[in-house]
């Protein structure tokens, strides 16, 4: 209050009394049917990733209703969904000076819903009060050429915190096409004190129809759109999916199997991956059912796998869960093998075709089918290979769909800290297909980690008929005497059933500690293990019990409790055609399942009393570098596996004399103070027991390199490939210097002054220098190494001259440019110009329209502009159209300019088009320019003309273009037509002097300075420019076959053949033959 008194006013804020109450109705296609249905009713419905009802039963969305149909063929229609609609956004401000008009062209609509409103509706009084106000609008439809008011709308109240939208539905629509417009009656605000901007948000075309969607599982949702800012929210549904075929003795709810399965099926929902796989393999619509018979799928193998998947294992949180489940939403078209691989990988199985059926082998513990020793394999040899170190990952990152993370992707990391400390992080990222359990994701990653860590060996061997004792996927035992370093397998010479003594085919050394078991083949042909109790002699074993039917001549295998059994899973068995079979098997560690699924820990036993496998030295190489007044060599090598306790013995010789030795545990070693000369280096691995593995050797020279012995110059398309070769072996990582010259250099010592240096390498491709096809270019190459350089060697070559291949290459490249794409575009009828995506800041529209019955003519102009801190654009569209009873004609011009912080773009397009019935003619002219912050851009002008005739498009076009791409500038002019004429207007006449038709060129007169001709056909005559009969020049008459050469030089043999004989001139002289082929005259040596 001032010093003279008075009364202070507190501004009043009226409540926001305008609320949008629009109902949004959506039908979503969820799946092919029938499906089991939703999980938890509205708890399984997510709008914008938020459940409609949370886990506590509280509603997050008010007034929500949902309906489901499961996808049967005779399902009822959804209640309250008696129409289908298509919404078209408008998003333009409606001003009093510029009504907004839209044309409706859809023919099958019954009603029209217009959504519009205010961005804010509030008035600020002079005393500061913020109160409501009103704005008046009219909705008009053009009927009979004049605008008719359909609705008068007044929006009254206050809304200051967000836009307010309302909807009006119009019935009794005129026949399309017709125009509708939104008119503002209230004057536009010119002051910040009055906010009453009006906006036309969208219009929706409604067709009254009731649909049941047979065979489709659909969801119908109805809710108030204001809760989502009057926008369409994203929708997600938690459902139990397709009803598929499962065994008739299977209860999917309890995951139990009752009694013995008869092989029959019943329909039910399950997420057991075995029966999901069976459905994909046998279903005729979305699976392989049309290519794979039901009888060709091993359902009994899947039955065992399905039971394995349903077994309960710890989930890592104190509870149990099925070992494997598949919760996948399959919507993409993929190769059948890819889907099958994804499902098989999650079940730890491998598909195998056994000749009659598609069966499946699961990586799980199982009985040993057959033992193999050196006595029952060809030549007694087992060949081993090992996975490389880089293929053994130390960290596995598993991506899976996490319900605890809002059904988004989470990552479960599984690592082996010991391996990370030893070898460093080697990360493998995988997707757990169909996995929604963190425990299952962890088991998936741990299975991969342990497989790569523990199962590193592959064995290959050949066998006789015993190769038929097992099939792919079976577990076999390998008892290799050479691997263990002892006699642990062979054949039985004698079986004493009374005293239970087995006589072996070789002497053995009884184990000093532990229990010894011996495997023999019983009468049923199965391996059986029995305990050894004593050793009567060096080749005899007394056993605790003797299986029935053990016979002499069968194999035996000795196992010790202090050594691990060497088990392998057969992968392939190959008939070699000579009565033998090749077997490939991978290492199998049965304890892996308990480690992964039950969390058991165990310390693996060694499988040999020796120091273990000694990896061979591989990839031995040397690198030479200066060492004061001499040279030093760094040797590098690799091994197939990383092992401890292995030394590498190096030996360096020169001319057969040892000049140096060394020992290291590293995979590299440096030897210094070496003079020039020729050397041989060998590296051998050796374990702590003195056993040596396979060594590797490499020879190298410490000398300047020899020059290239040969240079191969390969022609390319406007390029040359240069590959030098040096005879003999040189391990100093020999490289070459490449020099280029357009002309031949007479003195090779001047190469460095006259030629262009290209660079160093083992080969070189010369391109990007505007090389011309057929022109000879020269290259100069010399060898270089750390010691010195050789002399230059010259070679020459010319780029490719095969015209047909060059044209194909250039044509294919041209069609990938912006110019080529323009010529390739197909012209279709353009109903209206395309708008720049986004709402304009300002927009002005003019519309001149008249209609008489079915006759209509219209001129529309739309100007739009937009500007922000990061983007500015302007667009001007003019459409001139006329139509009468299906006959249409139009001219559409669309000009736009767009500028952003990373790109400038402008385009001017003019379309001229006419249509009569199903035939149409179109001309499109377009000029486009663009440049981006990446330094790439183009300028293209094209004109295309075409006609649609009998449903086929015929087109001619021309394009002019310049573009910058990847730092390379190219300019193009392209033409497309099957007839192309060149006309000379001379003496008042129009004379065609060149014509191109269907890929052929016809010319009347041509002067060519230089030509490369791959093939020449002369139909009349070929004459030299200086031809004078019987004096100079030449003449070839193609019609008569006569030829006259007044001076002829022939190098090499040639033959003249006439009607009554022939003349042959070759290295022996000249011979004349008569009509019977006998020589009559000989000048030179007598013919044989």
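Even glycines carry a Cβ here, placed using N, Cα and C.
Some features that TrEMBL has for this protein:
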type	residues	note
DOMAIN	85-208	domain 'Tip attachment protein J HDII-ins2'
DOMAIN	332-495	domain 'Tip attachment protein J'
DOMAIN	606-705	domain 'Tip attachment protein J Fn3-1'
DOMAIN	707-810	domain 'Tip attachment protein J second Ig-like'
DOMAIN	923-1053	domain 'Tip attachment protein J central straight fiber'
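Per DSSP, the domain 'Tip attachment protein J central straight fiber' (923-1053) is made up of 0 helix, 79 strand, 52 coil. Assigned with DSSP, the residues of the domain 'Tip attachment protein J second Ig-like' (707-810) fall into helix, strand and coil as follows: 15 helix, 44 strand, 45 coil. For the domain 'Tip attachment protein J Fn3-1' (606-705), the DSSP counts in helix, strand and coil order read 0 helix, 62 strand, 38 coil. Among the listed stretches 85-208, 332-495, 606-705, 707-810, the one sharing the most Cβ pairs under 8 Å with the domain 'Tip attachment protein J central straight fiber' (923-1053) is 707-810. The predicted model assigns the domain 'Tip attachment protein J HDII-ins2' (85-208) a mean pLDDT of 90.
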